[in-house]
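Report on the following structure.
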């Protein structure tokens, strides 16, 4: 179908075909291809069922006179059936990906919004063939038959139980059953807890070629270096949130308004806008040097933050926070996991990255709550305002020493091709090989459509489309409406979370008289909800509902949390604030995982690598949201502390409504 898309582009340029004719023709071609896949799948399922029936008759004949050799042969025959089922599932998965890619390519090349129409009209139709590609009806029955018969053939001395008398988790499983379940899960994109966590990180999980696996396993993977990257992201998140409970008190002690805490907290995010870009580019050449630079800058930034109290200088305090933001190496941490961790444990490493972030987010305020003291060491004041800076400076010093001693710089692949200046990651070779493999499959399976059209020029064209975005402008051109909506949602949820967290100390002290310790406990409890909520969503909810359904539901719940946060009467109770905060925070966390999952699937492969990649775009969107939120808090402070709450919630409400409307407009294109 790629050849046909190319024909359509030439014909529309020459004016030989109108838009409606192109859409009708391409719809018919795609329907025919999907129908061939579905009919083949049904045919193969019938053959598998017939083989199982024959094996069942053979097994019945062994009941009276069981022979060990024949039982062993029968067991192997059942396993062969299972392997053929795995192959069938992988075949359907390849074609499901082909449907996604050709729809995306058609929209990008011809400038149409065909995907929305095609998916909504096919998936919602009672005779939909497309729906069969993304489901695996009948597979469960085959798995059940294989499990039962393999279980019956196992030697169980003294046991008369069959699989229906036991809990599913207690049934001994043959390895082939796990392979079938893994293939089925991949086909339906169902996510367990580990995968759900990993999607938060937006780290590429592409299949890796055999040579690439050997290079990563043999040369690049170093466990301690991975741990150092995870510790880096943990410390950075602690560094971000450790000042939140005391930022307003620090501002007033330096003669500023309490609402200047928004500027203090947000200055770190302002610097991160720039640091994300240069760290992303730097990681093309090295991992050790950017991590070293990050540690030194964060060490200096925290020392300046702590010294600002004795120097009575708000400027030094803000410069210290800016330096901390310039030391944000999360782009390096992501890139290291993507390029230097073997595929077999990359999802676990991605989940560990998210867990380290969540743990740091919870530990930051908790540690701040423990630092309630006031004394002097020589001329330096040590109190609840300065101690977070000193503690983090010591933490980064220890980390710097550990990094210098233990980190091992991965060896660069000498065969890596430079797709653009400064981009030489191993993933570039991986994508080129993957595209060549897909092109080879297309040549074999779709020869009738592409005969005579897939020469050297076509391959060169395919290779040229693999080049990653080389600038912000080129990256923006790759953003489809679905991607833009997902980035808007990410902006919205980060904005709402930042408003909630950054103004918590001002709001709770004004309305409820909470002290620093109480605020710290409240924020720590919020942070600790991240992993349990993700466990529930990743293990259960994501397997019961589509990602787009969870996405929309989470937006609605977040909207409810924002609405509940408004002060509409003369009194504002602790119960109202706690319920609204919990609704807002938890729904935003759920929304983040689903949003990044969908973003990684609708995003062009050209945005999966290079400096201006999808991870950078999402990071920039979230960072801009935090800057905007902290700026809103500071500006709203001029209205007085009594008006701060409603004034900061109003933009959250409007952005949330806009994101829900945008989600509805692109809902049918989020079918991945």
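Quick reminder: no glycine exception, Cβ is built from N, Cα and C everywhere.
In TrEMBL, annotation is done automatically, which means it is predicted and not curated.
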TrEMBL annotation of transmembrane segment - which of the ranges 201-222, 223-244, 421-442, 443-464 it falls on: 223-244
Transmembrane segment according to TrEMBL, located in which of 170-188, 474-492, 493-511, 550-568: 550-568
Given ranges 119-139, 140-160, 518-538, the stretch to which TrEMBL attaches the annotation transmembrane segment: 518-538
Transmembrane segment according to TrEMBL, located in which of 291-308, 579-596, 597-614: 291-308
Residues flagged as transmembrane segment in TrEMBL, choosing from 88-111, 256-279: 256-279
TrEMBL annotation of transmembrane segment - which of the ranges 51-71, 387-407 it falls on: 387-407
Local confidence of the domain 'Major facilitator superfamily (MFS) profile' (225-672) - pLDDT mean: 81
Whether the transmembrane segment (291-308) meets the transmembrane segment (387-407): three or more C-beta pairs under 8 angstroms: yes
For the transmembrane segment (353-375): best-contacting stretch of 256-279, 314-332, 387-407, 518-538, 643-667, by Cβ pairs under 8 Å: 518-538
